[in-house]
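All remarks here apply to the structure that follows.
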Amino acid sequence: MTLKLTNVTKKFGSFTAVDQLSIEIPEQQIFGFLGANGAGKTTTFRMILGLLDESSGDISWNNEPVDYSKSNYIGYLPEERGLYPKLKVSDQIVYLGRLRGMKKNDILQELKKWLERFKVEDYFDKKVEELSKGNQQKIQFISAVIHKPKLLILDEPFSGLDPVNVEMLKQAVVDLKNEGTSIVFSSHRMEHVEELCEHLCIMQRGKPVVHGALKEIKRSFGKKNLFIHADFDLNFLKDLPGVVGFKDFPEGCKLQIESEEKSQDILTAIQGKGFIRRFELEEPSLNDIFIEKAGESYEQ
Amino acid sequence: MNNKFWIVLSHTYWSRFKTKSYMITTALILLFIIGLANVQSIMELFAGEDEADRVAVIDDTGTIFDSLVANLESTDSDIELTNYEGTVEEAKEEVSAGTFNAALHITMEDDMPAASYHSNQVSASGLANQLENSMQQIKIAMATNAAGIDQATIEQIYAPIAFETVMIQGEGDDGPQKSEEDLNSARGLVYVILFLLYFAVLTYGNMTAMDIANEKTSRVMEILISSSSPVSQMFAKILGIALLGLTQFGLIVIVGYVLIQQKKDEMVGGFFDYFGLEDIPVSTFIYAIVFFILGYLLYATLSAMLGSLVSRIEDVQQLMMPVIFLIIIAFMIAMFGLNAPETSFVKITSFIPFFTPLLMFLRVGMLDVPFWEVGLSIIIMVVTISILAVLGARVYKGGVLMYGRSTSLKDFKKALQLSKKE
């Protein structure tokens with residue numbers, strides 16, 4: 001059940017939201033979909049779901065087009081959360097669950113399990129508008145997964161949640177994957193993506209700039225991070241050949257270097273200058289890759 | 001797919017049905033109808049407390065009092081006359097004291113009776129009118145008697161003229177022309193349908209638009225349209241709310257029927273006569289239902305389409321304005337057409353789909369319209385509804401993903417563009 005996007009393009013008038021996107025989302029994995037705001041993530045999701053028609057290209061799931069006949073196997077957590085504010089949680093989930101082809105009794109059974117898992121059992125009979133934003137989000141999440149979808153699309157699932165709830169939902173996502181759900185997931189939080197995703201894709205202005213397995217991406221990125229803590233001024237390292245990034249810290253600095261070989265030149269350069277407490281070569285973080293590839297200013 | 005249509009429909013129906021506002025409105029309408037049907041009893045209830053009007057009559061002539069009593073008895077009025085022995089001044093005082101409602105002073109002037117009416121109740125003018133009428137008749141009787149004219153001649157003079165309206169049959173018309181009575185009865189039914197359609201479009205059209213706008217503002221729409229197709233959802237909504245309307249109308253009809261059964265005697269000839277609901281051909285009823293359903297579908301589809309364009313509830317009213325204008329215009333033309341159904345203006349406008357349900361129905365009800373004209377207008381309506389449905393579905397698909405502030409025709413174009421491939 002791989003989801004395959006081939007040369008997918010979406011134009012709104014003269015504006016191209018998604019440009020020649022070709023990705024393959026493997027089965028039973030969590031696929032990270034990254035990009036700055038306005039990079040075309042939500043548009044892509046909407047095309048996968050059939051809410052928008054692609055201008056050109058092809059989207060297939062298990063070699064078949066995705067249409068409403070498949071909607072019972074698809075779960076969707078939209079970026080803009082939406083539930084009926086005046087409806088009770090149970091009525092709400094029953095309606096949305098039935099629209100995904102479930103029977104009422106099964107829905108109620110599943111709903112109770114989920115509410116218990118998220119430690120909100122007493123919300124069963126509450127109206128959605130009475131819940132806090134974070135709790136509404138749990139209900140929204142339940143509505144997306146109640147029918148045990150084979151394909152789950154999560155658009156910013158953890159935004160606005162406290163760390164405890166983020167962990168709770170993260171664990172739920174991992175469990176769903178282990179039960180056989182393919183998950184596409186977008187986030188601005190790189191650490192979440194790094195933690196959850198095997199494969200990912202970084203979008204920039206509708207174009208995929210990085211695409212592949214996380215480890216592969218990190219390795220082929222080439223650049224490494226070098227942390228140096230020392231007692232003397234390290235500012236002169238900025239101008240050394242091979243150094244592409246420099247960030248000053250109270251205890252020292254973080255260098256971004258073209259390749260790991262360059263670290264040895266730097267070591268030579270700082271030797272004898274004073275006391276060095278730390279000299280550490282690190283893999284680049286996804287955050288570094290994102291900032292460089294997506295090219296947009298981005299706060300962690 | 002099909003299954004989901006029913007899920008949306010029943011959800012739309014039940015979630016609205018269970019709201020307090022729906023139940024209260026329905027209860028109020030039913031109460032109003034029960035009140036309307038019992039309006040006579042209610043008025044009698046209050047009237048029963050009133051005593052008969054007491055009038056002191058000072059009869060200077062000495063002869064007219066008896067005729068007046070006899071005359072008033074024949075008119076079935078509730079007036080109690082007393083032959084007052086005192087003077088006019090005394091009578092007036094007693095009126096002021098409340099013993100009498102009024103005093104009537106009858107005199108003779110030039111051999112003809114005259115009267116003056118004294119009362120301190122302005123509202124008792126009905127009483128004065130009744131007395132005046134009776135006095136007038138007595139005067140006429142006396143005058144004609146004095147002139148030596150016999151009773152038969154008088155009756156002849158006052159008998160109403162025989163005035164009959166007869167339609168001349170035109171060459172192209174098949175079947176008999178409608179008589180004035182048929183026309184009146186059709187007019188009554190047209191009135192009823194006119195108001196029903198007007199009411200239904202305003203209330204339920206608005207409800208459809210609101211329901212959709214509501215799902216859009218709460219953003220639940222995106223989940224909904226990812227689970228089932230927007231087109232089937234749009235029609236499930238339209239029909240769900242139509243059913244809601246039918247429930248309300250159904251209750252009204254049942255309550256109305258029960259009331260009519262109970263009060264058959266008083267109502268036949270009253271209400272029914274007024275609205276001309278007796279002796280209406282079955283075909284007119286069928287046309288009424290057909291045009292009502294088509295009219296509702298047309299306006300509801302339009303409302304659903306507009307409802308999908310707004311992103312805030314507050315904007316619904318604004319966008320619904322054109323729809324409301326359309327139905328108001330149709331209503332005005334229909335009002336004009338009730339008195340001039342054969343004018344070419346009514347004829348032409350009856351083919352414009354937004355006006356057809358009112359105007360074509362008015363024409364088939366009141367005139368003998370060739371069947372092809374009716375058929376053509378129905379086809380035009382069905383085609384328009386289909387076009388609106390296809391267009392509406394596309395606007396709906398694009399519109400529900402569109403969140404902006406403005407409410408203009410630009411949105412309409414944008415929504416269509418969104419649902420397009422490019």
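Cβ coordinates are placed from backbone N, Cα and C, and glycine is handled just like the others.
Annotated in TrEMBL:
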type	residues	note
DOMAIN	B:20-393	domain 'ABC-2 type transporter transmembrane'
TRANSMEM	B:21-43	transmembrane segment
TRANSMEM	B:189-213	transmembrane segment
TRANSMEM	B:234-260	transmembrane segment
TRANSMEM	B:280-299	transmembrane segment
TRANSMEM	B:319-338	transmembrane segment
TRANSMEM	B:344-362	transmembrane segment
TRANSMEM	B:374-396	transmembrane segment
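Across B:189-213, B:234-260, B:280-299, B:344-362, B:374-396, the stretch most heavily in contact with the transmembrane segment (B:21-43), judged by Cβ pairs under 8 Å, is B:234-260. Residues 5-13, 16-17, 22, 25-26, 29-30, 33-34, 37-38, 196, 200, 203-204, 207-208, 211-212, 267, 296-297, 300-301, 304, 308, 389, 392-393, 396 of the same chain, all 6+ positions outside the transmembrane segment (B:234-260), place their C-beta atoms under 8 angstroms from a C-beta of that stretch.
With a cut-off of 8 Å between Cβ atoms, the residues of this chain six or more beyond the transmembrane segment (B:280-299) that come close are 185-186, 189, 193, 196-197, 200-201, 204-205, 238, 242, 245, 323, 326-327, 353-354, 356-358, 360-361, 364-365, 374, 378, 381-382, 384-385, 388. Packing against the transmembrane segment (B:189-213) from elsewhere in the chain are residues 12, 16, 221, 234, 237-238, 241-242, 244-245, 249, 275-277, 280, 284-285, 288, 291-292, 295-296, 299-300, 302-304, 306-308, 310-313, 315-316, 319-320, 323-324, 327, 331, 334-335, 338, 357-358, 361-362, 365-366, 396, 400: each is 6 or more residues past its ends and has a CB under 8 Å from a CB in it.
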